[in-house]
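Everything on this sheet refers to the single structure shown next.
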Amino acid sequence: MKKITTNEQFNELIQSDKEIIVKFYADWCPDCTRMNMFIGDILEEYNQNDWYELNKDELPDLAEKYQVMGIPSLLIFKNGEKTAHLHSANAKTPEEVTEFLSEHIS
C-alpha cells in the first residue's frame, strides 16, 4: 500500500479512470492497527486495484472534505469522485471489508 503525503498527490491519484482505494488512518488508532493485521490478505485478493493510505492527522483537510469522521475508513475513488465509503464502525473485520469491496468494486 503506497502512502499519500500531499494534497496534490491525492488529487492527482483520484483522477484515475480505474477505481483506487484509499485507507484513512492515524498512528494512534487501535482499530487501524487491528485492520493492518488482516488487510494484507485483502490487498492480495483485490490486487487489480491500486491501494493507498493517508494519515488523517497529516492531511486533515482531505479527511474533512470527504467526511471521514472515524478511522480506519476505506474510500473508493474513480474519475475524481468518491464512489463508496466504508465507515470505521463497519470496518472492524476482514469479512466487513471484503463484503464492502465486493459490493463496490467493478
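Using the three backbone atoms N, Cα and C, a Cβ is placed for every residue, glycine included.
Taken from Swiss-Prot as is:
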DOMAIN    1-106  domain 'Thioredoxin'
DISULFID  C29-C32  disulfide bond
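Within the set of disulfide-bonded residues (C29, C32), the lowest number of other Cβ atoms found within 10 Å of a Cβ is recorded at C29. Under the three-state DSSP scheme, C29 (disulfide bond) falls in the coil class.
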